[in-house]
Amino acid sequence: MAEGKLDLVTPPPPAGNRGDTVTELLGQIADTGRDAARGGYSRPVLSGSERDLLAWFVEQAQRRGLDVDVDRNGIAWAWWNPSGADLRGSVVTGSHLDSVPGGGAFDGPLGVASALVAVDHLRARGITPSRALGVAVFPEEEGSRFGVACLGSRLLTGELAPKRALALTDPDGTTLAEAWGRAGMDPAHLGRDDEALARIGTFVELHVEQGRGLIDLDAPVAVASSVLGHGRWRLSFTGEGNHAGATLMADRRDPVVAAAAAVLAARQSALAHADARATVGRIVPVPGGTNVIASRVDAWLDVRHPDDAVTAAVVAEISERAAEAARAEGCELVVTQESFSATAHFDGVLRDRLTRVLSGAPVLATGAGHDAAVLAGHVPSAMLFVRNPTGVSHSPAEAVEDDDAEQGAAALATALEHLLT
Ligand code: GLV
Ligand code: MN
Ligand code: MN
């Protein structure tokens, strides 16, 4: 697919559901990317399900008369530009459509659906902005396929070098370059895009809240203050593959044992530093057989803290404990940083303006990463959060009440109206 061209097959919307509300829009994609084995949704970037979601987005944007294109970093843009304004300095909203494995229905798609409905609200309010409004969909926000979160916004802003991005591999060993080419896009054109970046005058991302802040405050919508600094590290333990029955306990060099010590060290180290979070959510033993002592284990560590120096200290502690455990087991350990994002504070003036126009909506920090946080280092950016009655995210239990979803889209429209007029 050449840049700017779309060759996606768009499925017809369900009869009677035109996608006029956030709930209707999300209803149209409720069966896309369902994961029967894990529960919830698995919508990895450039998979069939994620491409179907992109086709759905294009169809819904075109139904609204928006001009859609996909840029050289795989970011889809839909423009409402009734005044034919220069796109530089536009107001842009949007989110992502990819998911974590077995994720919920709202992380990402809520922001995309709300952006489309917000355009409807602005039209219904009789707004004819002199500037353009863009709706952007960023690829691989979760980093669940190629390991680096916010891949699209990092490429756009130059925070991720294209050479490194192209060499990233998915769990099957497919490189990003290969997957990009198979999706019909030219991997040669990845990288910082000053022209696309200059089109974003202000960015506002609406997102399901990934915590209990709005439950406790009894409010449907909040404005974000900051995103916790976070990073990912791969701990690769190498030992000796062997037979589970024929190898005496004293003769083993089992990397799973060393990895287990690293998991416990992560818990202990995070508990020893106030506000730290450390998680090992993915462990892959190789070759991975019940009666096989693994020859290697890869364990991925996610560490977050408001103070980036504390994050570094926690990672150093865990790495040291993991290295000790590896030595004791006769194994080797290699620790590789795969990504890091410093704590991001959203533009204070923009945050206060949005809080004012949203009638004193509460202000909340978040522990989850977002494309808006990457963009915040380059353009004035903000986020709105919509109440999640379970407080749970990255899980099928993630939830949003229908009424809150519509209130969120209306709040987004109000925020955009304020920025556009
Ligand atoms: C993405 O949601 C993250 O916080 O890792
Ligand atoms: Mn998200
Ligand atoms: Mn997420």
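The backbone N, Cα and C atoms fix where each Cβ goes, and this holds for glycine too.
For the Zn(2+) 1 site, TrEMBL records H96, D107, and the single candidate of H121, H189, H207 listed with them is H207. For the Zn(2+) 2 site, TrEMBL records D107, E142, and the single candidate of H394, H418 listed with them is H394. Annotation note: H207 (Zn(2+) 1 binding site) sits in a strand segment as assigned by DSSP. H207 (Zn(2+) 1 binding site) and N291 (allantoate binding site) are 44 Å apart (CA-CA, integer value). Put plainly, the binding-site residues D107, E142 were compared by Cβ crowding within 10 Å, and the winner is D107.
Put plainly, the binding-site residues H207, R232, R304 were compared by Cβ crowding within 10 Å, and the winner is H207. When the Cα of H207 (Zn(2+) 1 binding site) is compared against those of the binding-site residues E142, R232, R304, the shortest separation belongs to E142. Only D107, in sequence order, out of the binding-site residues D107, E142, R232, N291, R304, H394 have a CB under 6 Å from ligand 2.
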